[in-house]
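So that you can see what the record holds, here are the features copied from Swiss-Prot:
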| type | residues | note |
| --- | --- | --- |
| BINDING | Ala24, Ala25, Ala26, Gly27, Ser28, Gly29, Lys30, Thr31 | ATP binding site |
| COMPBIAS | 305-319 | compositional bias 'Basic and acidic residues' |
| COMPBIAS | 567-583 | compositional bias 'Basic and acidic residues' |
| COMPBIAS | 584-594 | compositional bias 'Acidic residues' |
| COMPBIAS | 1088-1113 | compositional bias 'Basic and acidic residues' |
| DOMAIN | 3-489 | domain 'UvrD-like helicase ATP-binding' |
| DOMAIN | 556-886 | domain 'UvrD-like helicase C-terminal' |
| REGION | 291-319 | region 'Disordered' |
| REGION | 555-594 | region 'Disordered' |
| REGION | 1051-1126 | region 'Disordered' |
Amino acid sequence: MNNPKWTPAQQAAIDLKGQLLVAAAAGSGKTAVLVQRLFKQITDVDEQVDVDRFLVVTFTKAAAAEMRERIGKALDEALFGAAEPAQVEHLLQQRALLYRASITTLHSFCMELIRQYFYLIELDPAFRVADEAEADLLRQDTLEDLFEAYYGEETPAFQSLVDAFGTDRDDQPLMASILRLHEFAMSQVHPGEWLEHLPAAYDWHSLDDLMESPWGQVVRQGVRDKVEEGLILLERAYRLAELPGGPVHYLPVLEDDQSRLGFLREMAEKGTWSDIETAFKSAAAFPGLPRGSKKNLPDSLIDEENSKRLREESKKARDEAKKKLEEIKNTVFSVPLTDQLPFLNKMGELVGTLAQVTQHFAREYQKAKRQRNCVDFSDLEHYALQLLAKDKQPTEIALKLQAYYAEVLVDEYQDINPVQERILQLVSRQEEGKANLFMVGDVKQSIYRFRMADPGLFLRKYGEFPHYQEGGGAAPNLVIDLNQNFRSRPEVIQGINYLFYQIMTEGAGEIVYDEQAALRPGAKFVSDGELRTAEGPIEVHLFDPKAIDLSLGQKRGAEDAATEVDSPAKGEGEEFEQNREPESGDDESSLEEAETARIEARLVAARIQKMVLEREFQIHDKELGDYRPVQYADIVILMRSLASVASVYAEEFQKAGIPVYAETNSGYFGTNEVDTVLSLLKIIDNPRLDIPFAAVLRSPLVGMNGTELGKLRSLLPQGDFYETLVLTFWAGDAHRQEEGHEFYSEIREILGKHWESLPQLEVKVRHILETSPEIKEKVDAFFPKLQEWRHRSRRTSLADLLWHLYEDTGYLAYVGTLPAGAQRQANLRVLYDRACRYEATNYRGLFRFLRFLEKFQSQGKDLGNASIVGEKENVVRFITVHSSKGLEFPVVFIAGLGKKFNTRSLSSQLLLHSHLGVGIPLIDIENQVRYPSVIQYAVKERLWQEALAEELRILYVALTRGKERLFLFGHQHKLAEAINKWRSLALSCPDTAFPDGQLRGAKTYLDWLGPALVRHPEDLFKLGSFPTASELPDSSSQWKVILHDQIAGKGPVQEATSSQDEIILPDQETLGEREASEETEIPGETEASGKTEIPGETKNSEETKTSEDKKNLEAQTPETADLDTKNLQEEVFRQLNWQYPYPEGVNQSAKTSVSELKRQSLWYMDNEYSSPSSSSSSSPSALSAPSFLRPQFIVSRKELTPAERGTAVHAAIQHLPLALWRDTWEELAQEVRESMLQEHIDSLIRREILSAEQGGAVSVSQLKNLLDSTSGKRLWEAEEVRREVPFTLSLRLRAQKEPVLVQGIIDAVLLSHQEHEAQVMDFKTDNLAGVPDPELVLTQRYGLQLGLYALAVERLLKVPVRECIIYATSLNREFVMQREAVQAALESVVIV
């Protein structure tokens, strides 16, 4: 295996023995370390442990496959260098054993264990793992059967449970609660014991005991947090009051407020409940603020407007502090604890019944699974536990595995749950001196609590085990911190450190971000001179959605902005403590969210366009070993959730011309094609369903329009569409109602139902068919098909039926012709796959399949659209932060940072926590009233704290995905007020990290980000210098804050003003003043911006007449023309003979390319000595049809054209890793050079930069000759080489009156910063063999082109061009043209 230079911490993780916890930060090379540790033990001469004696546990099959591949590659490399026969034999043996090695997911390990020892748990060896959808359906069926049995028994306890948790309509909420409780219990090591202990949380006889319990400690913490937030607000009010001109007469009252709240915080920490109640009553009794004014400035210095503002702001801050106390009152003190105690005991009985029913359900569910010979995923772990432990002690199987496995290695240890932890303990040795458990993970990236992951398992070891110190030795239990990041640029790492030093504390994030946790730069980015690399600040883009008019794409008017910004957003301020059910159907809120997402999407799209289209900077390509321009595929947009905004973003990006792909877990069932096919399946199963029937009739399957549907409905206003369809098919045809007709039974059934009104119906049918015969045609075509499909559904499998429908209707092919056809077809294939998977279960039939899908959707579940985008496609990708974990991207946009955290789960009346148990309200069943309970509050508060800690870790994961640049986007209502608040929060914090209470009060990511950025020494918000800013860790990090007030026009602005301790954002009219200075100059913009003259009217009488005719023509419209026949004939004649007054402009391009100009100059050169009759070519100034690249199916079968071969050679030269090879090229043997170049070409083919045919057209010898030539020497020795440099110039051509935009791409620009000059190099693949004077040919053919290149370099880079070089690949020779020579060629065509 290659020997990279390991850091001391990495080397310790590779070498040391014992039970090790490796805390591997993002990008620290944990996988490489794990593989090297394993490889070392396999190949070490002293150890040489067989690879199949290791258990390597990963969390995904992809990760397991990657690890197996890495180990295999390491073994292959070792084999290549092995010399000793014994060593070769050992390595070959390990290579063979690798395929049976236990490198697997934990579920796969459990499965293997169960299949080996199935007989010990009385499981059929042919068992299968149930699909999650099948398991859901089986759980639902089992629970419904169980409820029927309970209802039959009519037990009072169960009836009380239904009354408490059900509704007046049904018992679905109770069913959902039991299913949730069961799922949660199965994540515990002993589910039955955990359920049995739940009622203990409600068994209290004294308040003191309750307050000293875990639940009471959480209540204390909740009170302290709210009081802490109140004190911060009071501190802000106090600071405002003591400012010059402020309301100093408020100060005594504010001091008293702070004193009372400080005492309440002290009592919440250590007082009795009585002490807390007394202190709260005192703290909540806010006296009124004194009236009048006490001046702290002479009258001549007082600004009345500023004084009024300070008074209002101070009062507002104090009012917000009052609200924090009000929140405590509405939760902790809503019902006195003395009154709650008796109710708590009753709730304990209710919880006991709930636990009993859940256990009963668990037993019945197990029976149902055994009957079907299947298990679910939680069974795999619990059956494995049964095999490994008995009476909480290891079994013989466990001891056998402990003896067999030399070491157990666990990846992503921070994401395991207690059951998985117990399994790992049982298969590894735990005793001192023999411990062999190696755990790798990063608790800062633990973001899967919703999958029952418990980061506390990692945290406990991290806190208890000693930490490795460089130079230290092994210990029985040891933590090794890997904090060197080999992924990201230093600018990214420093910014992350600066932020998380301030916001990630043990109280808020469950781990403190300190020197051990902070990232250290470890990646080396190869430099190629002074390139426009991605080195730069982290950009933070903020906007107020109420201040931007989306319809106009710009800022709102001052009145609108003031009115709307000051009004609270819909639903804003709704706290989770209020325990209100979320109003998911709030249309106004949904519309507001969509509008905000649309604004943000446009801002993000504009930033991406600037980056990609203007080639703002280049990124480092690891495979290439060099820099290249940013592509769309390099960019990823991360969001917390895509469910509600992905479609909005995709729409806006498509409008902006940015290719985009969003992989979501929603929206599948809402697509037209899936909805249409499901509607068809529904009417095949039951044709009496009117809504799906109407959907099918309106779909392309039948093709009726609304009018035709209305006519059908008019036949039977009280009937259904199926009956009208049958009557229309019959249409009075006696033959179709005879007994021998194939649809006799269907027709007779409907006719019999309407026998009395049949004559009238027949008249109606005939009338409709006479006036609309197309209805009859459509019905006659569709009805027989429908009957045939219904018969087929009874005798064929569901999957076969579905595929037959696709083929019989042609619908699968049809949707492929629509926009996004490939996506639509993929969605329909997913539906077919789902049907196949459904039939692999114990369930069968169309009806049950449709019922399964209905239940699936009724539970709020959905599927994402089928993926049709490959990894290498050049598109911007939208993914969730969870999906991005473990990945890295060159450019990362993190959007939606202003969206409120989702607290819906905390609104449930049944809250679950692994340590605190079940939290339910106090339920008065008789009066159907619910009150908050102290237990429910404690559970809710702990869940909220843990959820916030996870949100903090999610932010960390998102930020650490970026390799080169980070861009953060978020919205903030009342942005100016928010910035003021952030400043106050920052001023009130003297420490590096913000107080835990403040951090736990966050509602959005910006609540963390804003105060931290306010403290930056660069004064990002233009607030004035901030005290102690430079003392913060990593305060030298680079950030840029951009405040947007519009999304069209000149673009974003960054603007703020300082006013002592407060900030007031400029009004909307002044925000645009600095736009010009914020914009980045676009190459060529100066030359192309608005300088083209518009030809005015001449005084020529004919042109004047033509202009008048044009005006007359524009005036002639169908609405205004009122001419008699003669005048009409004259007008028609005049219009038909009208000629455009500026014919010379028709054949002139407004934009052209360097290649086209070169072609034109060659045409004039060729035709200067030719007679008109001898030239068959047309004038080059005429617009010609564009030429397109040949389709891939032609390219793959035809020989490449010379132009295509030239393009391939240019691409190969463009991507040569010059910087990587510069120092070693001269020392390498010729065969090594050729091998490197061949690998370079193969790499371009693998990365799909070149096709296989193009790669074959590139000669290794040509590339080697270039690098070994004089031109190659120039490339090696240049201070800076820029390749494929695009430009746009505005030029005046001698052959054209109007200016023209000229675009081109320069092959290479060699810059000398020391001499302040440049060379232009162009690579030519022309076949010049046998040409007598190639220099003359090349000079005549390409002189103008090089002249344009030189002009572009001098104008845009502000560097004089000394000379231009043509390198001819066919001759392996360079030709140098001095600047004066190309200037002459340029001036022959261009007016310089």
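Here, residue 1 is simply the first one shown, and the rest follow in order.
Cβ atoms are placed via backbone N, Cα and C, with glycine included.
For the recorded ATP site, residues Ala24, Ala25, Ala26, Gly27, Ser28, Gly29, Lys30, Thr31 set the reference point as the centre of their Cβ atoms, and the other residues of that chain within 8 Å of it by Cβ are Val33, Asp442, Leu482, Asn485, Phe486, Arg487.
Gly29 (ATP binding site) is surrounded by 22 other CB atoms, counting those within 10 A of its CB over all protein chains shown.
Under DSSP, the residues of the compositional bias 'Basic and acidic residues' (305-319) split into helix, strand and coil as follows: 15 helix, 0 strand, 0 coil. Between the binding-site residues Ser28, Thr31, Ser28 has the most other Cβ atoms inside 10 Å of its own Cβ, all protein chains included. In sequence order, Val22, Ala24, Asp411, Val440, Gly441, Asp442, Leu482 are the residues near Lys30 (ATP binding site), counting only same-chain partners six or more apart with C-beta under 8 A. Gly29 (ATP binding site) falls outside any helix or strand according to DSSP and counts as coil. Summarising model confidence by region, the domain 'UvrD-like helicase ATP-binding' (3-489) averages a pLDDT of 90.
For the binding-site residues Ala24, Ala25, Ala26, the largest tally of other C-beta atoms within 10 A is found at Ala24. All protein chains included, Gly27 (ATP binding site) registers 24 other Cβ atoms within 10 Å of its own Cβ.
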